[in-house]
Amino acid sequence: MITWNLFDIVKAVGGELINAPAKDILVSGVYHDSRELTKGAIFVPIIAERDGHDFIQDAIDKGAAASFWSVGLDKAPKNLPLIKVEDTEQAFREFSRWYLRQVQPKVIGITGSNGKTTTKDMTAAVLSQKFKTHKTAGNENNQLGVPKTILSMPKTTEVLVLEMGMSSPGEIAMHSQTAHPEAVAVTMIGESHIQAFDGSREKLTDEKMSILDGLKEGGLFLHPYDEKLIDERLDGSIRNQTFGFEKKADIYAFNISEKTEETSFSAKVTVEGEEKELEITIPIPGKYNVNNALMAILFGLEFGVSLQEAKEGLEHFELTKNRLEWLDGVNETRLLNDAYNASPTSVKAALSYFSKIDTDGERIVVLGDVLELGEQSKVLHESIAEAVELEKYKAVFLYGEEMEALYDVLNKREKSERVAHFSGDKKPLIQEIEKLTEPGDIVLFKSSNGTDLLSVVDQLRVDK
């Protein structure tokens, strides 16, 4: 259990202690959601759509040992030590920066339009072959998740792997400046969150590249080979390495073989002046996941992990839940659940992989809305049509208002009863899948989390 002295926290954030205790208090755990708070923890009331200060009594009832506080003291409880600050969210970050300095792990930061979570999981698996490693849990990659991850790492942590996400400009730079990583990666430049950047991939690239803002001097930057939007922003001042399928990349993959639940490939990389080759089988499908593995290998080499150790880590890594997760489904089917996150690029990649899977039954695709695409949403949803080979599927089910654009394109291309569009109530979609599926069929679910196809998956899975 991680504990901190309350007086140390006050100094760390530059706050003022109200209702000061007569003796030292140790707090264990830090929470910004009063529903999750455990006894002895410190509460961080965040002001967002709802004011976290309004839930202070809930925190007290749960056993909070102290709380940050940024509103008038007339609302403050008299029976709880409070750290008075101007901004509780900023104090949360300052607290995490201070703790990071106490532990002093090597820090890796990972951002990009797709593949962040998988790369994080792979990188942590590789680094844990040699170091005590802590990583972002689930999808805790935002302005609250990054400090939360830092503050949850054990004091013995040697390497911290942080996933750095964003929903608005400035967030990635903030994450980087909080963590000051030794090495960072941009997995790819796609379309996710492009609505926050006026539909501009150039502006989106600038945001992703801001992960360099906090990179320590001499630190390493990993990025895709031949990504022009990144290349044109590099001026030679940052040490960088590339990954991909081209021989000119610093590490490249070839002889790629995709199977239902795994992907095998060979890779070549130069280590201490000598070109090395290794063969790896990762327990996750899809050619697009090979790049994620290449990044993990480069991160490992940067911190002294051998190629053999990297291979061991990758071949046994565990993926975060709801990411390319095979489940047993109704009617003796298999469900491929990838409904937590999506971009048009990742949807196309998933379709490319899924269409090649060998199966005793037939393939069914369920695609939900890809969110946060702004004014380009219609065009980008329409673009998915190029990856839909209808003849390879028993049915293509589309769910959500944005998916109507894809439905219209597919219908114009080929009138087919195999394509259906649903919106609103999910029961008709669930019923249609139950009616259509037969033993041996496989069903792909791909969408943004906000579309909530996960609830459909939960209704159709039998291994709950």
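All residue numbers here begin at 1 and follow the chain in the order shown.
Quick reminder: no glycine exception, Cβ is built from N, Cα and C everywhere.
Feature annotations, reproduced from TrEMBL:
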DOMAIN    110-298  domain 'Mur ligase central'
BINDING   GLY112, SER113, ASN114, GLY115, LYS116, THR117, THR118  ATP binding site
DOMAIN    322-448  domain 'Mur ligase C-terminal'
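Note on the domain 'Mur ligase C-terminal' (322-448): its mean pLDDT in the predicted model is 92. In the shown protein chains, 25 other C-beta atoms lie within 10 A of the C-beta of GLY112 (ATP binding site). Under the three-state DSSP scheme, LYS116 (ATP binding site) falls in the helix class. With DSSP states grouped into helix (H, G, I), strand (E, B) and coil, the domain 'Mur ligase C-terminal' (322-448) comes out at 51 helix, 31 strand, 45 coil.
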